[in-house]
Structure formats: C-alpha cells, structure tokens
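Enquirer: Mind looking over this structure? Questions follow.
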Amino acid sequence: MLVMSHVLAAVAWPYANGPRHIGHVSGFGVPSDVFARYMRMAGHDVLMVSGTDEHGTPIQVQADAEGVTPRELADRYNRVIVADLHGLGLTYDLFTRTTTGNHYAVVQELFEGMYRNGYIVSKTTMGAISPSTGRTLPDRYIEGTCPICGYESARGDQCDSCGNQLDPIDLRNPKSKINGETPKFVETEHFFLDLPALAGVLGQWLDTREGWRPNVLRFSKNLLDDLQPRAITRDLEWGVPIPLDGWRERGDKRIYVWFDAVIGYLSASIEWARRSGDPQAWRRWWSADGPGKDAPSHYFMGKDNIVFHSVIWPALLAGYSGEGSHDGQPGELGRLNLPTEVVSSEFLTMEGRKFSSSRRVVIYVRDFLERYDADALRYFIAVAGPESNDTDFTWAEFLRRNNDELVAGWGNLVNRSISMAAKNFGAIPPVDPAGLTEADETLLAVARAGFDTVGELIGRHRQKQAIGEAMKVVAEANRYLSEQAPWKLKGEADRPRMGTVLHVALQVVSDANTLLTPFLPHSAQKIHQLLGGTGVHAPMPVIEEVEDLDGGPAYPVLTGDYTVGARWESVPLAVGRALDPPKPVFRKLDPSIVDEELARLAG
C-alpha cells in the first residue's frame, strides 16, 4: 500500500428534512466509515467530515407547512440524524451542520474569491412564480418532462433519470408540484458559475483519475461535453447571504443550496481544526501548495450526487485557486486540492420498491436499531449493499445473511473456539513444543495473508470483495476446527495437541476479528474482550453539545478520539491470558421477523 500521511474522507451531507433510512446510510455512511477505520488502523492520519445540509427550498417549504421556522426544522432533524449516525458507530472526526457562522464565512470566502477571478458572473434569467399566489416557485417544486432524456418526472433543478442539471424553463409541460398549476416565468437577476471557463482544467483533471469506478468516470466526462453556466443563487429567504455590495442585505436572494453544501467539506475541516486548538491544521488535508499537497481525498456519495462531486465541486476549487481560462489568484485560503477519488454507490431498494417515506416503503435507522444490532445492518450493507449495482434489501435476505453467515459462520467460530479453550484450559493455551503441523501453518498463513488482501481491497473501495476475503478466513478456520476435532483429544497424551489446535484457532479468531473490525466494530470490541484483551479495540464516536464558534446557538456534533484502537496487523496472543466462557456475540433472529416487518411495511 502507498504510504500516505494524511487522508481526507469527505462524506455526503444528509439533508435535514427527516430521519435517515437504511438506503441513505448504505450509499455513503457505512462505506465511508469502513474506509476511514481501515485507514486509521493502517497508520494513516484520517480526517472524516460531514454534517447536516440545512438550507434550500425543501426545508423552507416544509417549515412553512408545519408552522415553524426553517431553523427550528433543521434543529430538530439535525439532532435526529446525529443520533442515527452515532448508533451505527460512524467515526466522524467532525459531523457538523451548514447553519454555523463558520460555514457561512467559508462559503462567502469561496464565493468572493471566484467572483474576483471572474468565474462567477451576474445575468438576468427567467424565474418561476406561482400565478395564484405571486410567490417565487422553487425549481425543486416544478416537475415536467426532461428535454434531454424524456423522463416525465424530472425536477426543475435536476433529472433523476439521466442525472443532468436543469432549469425549470427547460422542462416540457412544467407543472407546480404544490398545486399542479403551470408556473409563470418572469425576469430575475442571479449569479452564475461560469463552468465553460473551467471545462479545460476539469477535463485535464479527469484524464488523470485512476482507479475510479468506470460508471463514475464515464458519466463525469460526458458532462463536460455540454457545460453551461449554472445558477448559484436563488429567489429564497433561507440560506447563505450573497457577500457582495448591494446584495448582502437583500432578504429575497440567497446562495443556492448545492453551492453551499459541497463547500461543507472544507468548512467542516476548518471547524474541526479550530476546535482542535490548531486553526491551521486543516491545511494538512487541503493545501495544494503546502502540507496537504500530497494528501489524497476520497468523497463518498450516492450516484444521484456524482455531478456535484466530479464536476461542480472541482470547478469551485479550481476557480477559487485561480485555475481555468480566466486565471486569477487564489483567495486567502490558498490553492486547494481537487478530489482524488469520487466513490459513488448505486441505489438500495426495499422489497423491490424505491424507498419512499410518503408511501411507507421505508425503515428508518432509528427504528432498525431499536430492534436489531448495528453490526447486523453494517454486515448486510458490506456484503449485499449497492456498491456497484442497484441492490434490493429484503427482510428474508437480511435474515439469511444474519443467521447463516454472521451467526452460523463468524459467531460460531468465535463461540466454539473460546468456549473449548476456556473449558479445558481457562486461558490461552500454549503451543505443543513438538511444533506446528502443516495444517496449523497453512491456516495461520491464510489469516496473515488477509491483512494484505483485505486491506488492499478496502483501499481501492472494493468492500464487497474485501469482506468476502475476510469471511473466507473464517470459513477456513471453521473447516480447520472440524477437521482437527479438538473435542476428541481428551486423553492426557493428547492435551498438548488440543492446546495447539485451540491456540491456532484463537489466533485466527483474533486475526479475523481485526480484518472484520472496519466492517463490524461493535462486535469486534466484544470479541477483543472475550479473547482477554483490554482497552479500546474499535473506537466509537461520541455526541458532544458545542457552542457555535462564531456566536450562534449551540448544537450537537459527532466526534471522537480515534487515535486508540487496533492496528492493521497480526498480534500474537499471550499464552496464559485468562479466558471466561463466552456469551454469543451475534443474535440469531427468529424467521417470524420477516412477516412482522412486511406487516409493518403494509401499514
């Protein structure tokens, strides 16, 4: 593996208009945590950041409907989402929000820097209003036929079928999603990102991307064929104010949510540094001319957000850094790194249907965690999630994976290995002085080889293959125990051999536990302790209530100390370390849960 001192894990920002369901976390949450945990275990200095995305039309419209302010709505769901992600054990160095003073300042700095460099321009365009109310009609609440692919339910800002960004006036047969009326289009002044002026630098950058998933790279390059200037402000009262003379005080114009949300990766890194006591520490992951010039950055999101991470965000970074056809000078933050890798997952469906809160085709993370263990969901996402193809979550398949693989495979190996050693020796047994057999050596070698194989696959974002390789070690160890049958070695003369077999089995349990720690951290900590280990093996995040650094109201963040924990290596077990009879690590689920959960879906 390449030696990397600093690694940025930038995770898509969940929108703060409701609790998260398992489809959300399958695409960005769990995969990013697996990657970050592995990288830390391998010795890298990881900064994993994200937060709740709290601006934009949907929140304002929902708040109006509920009779609350947008801030009150965002506050509510920020806390819910923080609790959801904490329950899954996602190890954010900082999970914050976009309504902080720090975020506003960073967004406005990038806006001003790009404006000075000529990559943000003002122009008059056509905006939609409701004929019946006279109010601005948000583009997200206009629906019609996509002019590019013909999809009949395209939104006014983006087509979910072909992924292209749109303007409401581009749609054929546009209708308001609020009341079904045809919008009226009137002139309005807005600021635009001059994407064509950045097409050259984007193309050169994309040509240097190696190891990207083919669909992501192909889609991104296709977007460059017809880049158009994109509006980055909206007729809206809720959002980041425009930081230019004559615009700051206006209450009817705000920076578009997609512009401010992607800047969150940078603002969260800066906030983390400020909170850590070293305000310039963020530069170790971001500064293209300084300490972060060789720092790789990995961005995690669902496929519907590829355009924002492979075109829009790189364009903002390049424009602010003074690159592109207009040239210019970097702003006060300096030249900033463009993404190293954009890791896009496909979609997770549920029982053959698209997730939908309104149609009750959903299971929220908080509800799942009330009934099942976090590692059961993390395991399903790792082995059967939407890494490279759309995947269907069914309760029958979840039950099978949990009972047949997690419980009967991994859980069985842990339980019987430790049980036999505790019963017959009360501790980690010694190896027979006569030495190891070929079977012993072979199994130990298989486990040791897993550190290279599994680690390399996680590093390349091939997590399905990675956990598959780790579970092969588990299967080999179960086969070894069945063939060696230590329970049959009952005589005094056989006791040294029994001890050797159980020592080898326990060593492989320890190694396999380390290999599975990025995927199954909750159970990994338990298994570490069952093996007589002490201290933190798999660190967990904590929720902290913090004050806004720039004078705003307090809010909860996810953070943690992840400098402790297991290393990515085989650690020899200490002979004589006491062992107690183990309790089952994983819960076997009753088949009746399938019908129970399907009944819940049916309402």
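Using N, Cα and C of the backbone, Cβ positions are placed for all residues, glycine too.
Feature list, courtesy of Swiss-Prot:
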MOTIF     14-24  motif ''HIGH' region'
BINDING   Cys146, Cys149, Cys159, Cys162  Zn(2+) binding site
MOTIF     354-358  motif ''KMSKS' region'
BINDING   Ser357  ATP binding site
Enquirer: Rounded to a whole angstrom, what is the C-alpha distance between Cys149 (Zn(2+) binding site) and Ser357 (ATP binding site)?
Expert: 27
Enquirer: For the residue listed as 'ATP binding site', which residues of its chain lie six or more apart in sequence with Cβ-Cβ distance below 8 Å?
Expert: Gly18, His21
Enquirer: Check the motif ''HIGH' region' (14-24) for me and report the mean pLDDT.
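Expert: Here the predicted model's pLDDT, averaged over the motif ''HIGH' region' (14-24), is 95.
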Enquirer: In DSSP terms, helix, strand or coil for Ser357 (ATP binding site)?
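Expert: Assignment for Ser357 (ATP binding site) reads coil.
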Enquirer: Cβ-Cβ under 8 Å from Cys146 (Zn(2+) binding site), same chain, 6 or more residues apart: which ones?
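Expert: Non-local contacts for Cys146 (Zn(2+) binding site): Glu152, Ala154, Cys159, Ser161, Cys162, Asn164, Leu166, Leu171, Arg172.
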Enquirer: Quick check on the binding-site residues Cys159, Cys162: which one has the highest count of other Cβ atoms within 10 Å of its Cβ?
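Expert: The residue with the densest Cβ neighbourhood is Cys159.
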Enquirer: Within the motif ''HIGH' region' (14-24), how many residues are helix, strand or coil going by DSSP?
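Expert: Counting residues per DSSP class in the motif ''HIGH' region' (14-24), I get 3 helix, 2 strand, 6 coil.
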Enquirer: Using the recorded Zn(2+) site (Cys146, Cys149, Cys159, Cys162) as reference, state which further residues of the same chain have their Cβ within 8 Å of the centre of those residues' Cβ atoms, listed in sequence order.
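Expert: Not counting the recorded site residues, we get Pro147, Ile148, Gly150, Tyr151, Ala154, Asp160, Ser161, Gly163, Asn164, Leu166.
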Enquirer: Going by DSSP, give the three-state secondary structure for Cys159 (Zn(2+) binding site).
Expert: coil
Enquirer: Taking the Cβ of Cys149 (Zn(2+) binding site) as the centre, how many other Cβ atoms fall within a 10 Å radius?
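Expert: Taking all protein chains shown, Cys149 (Zn(2+) binding site) has 12 Cβ neighbours within 10 Å.
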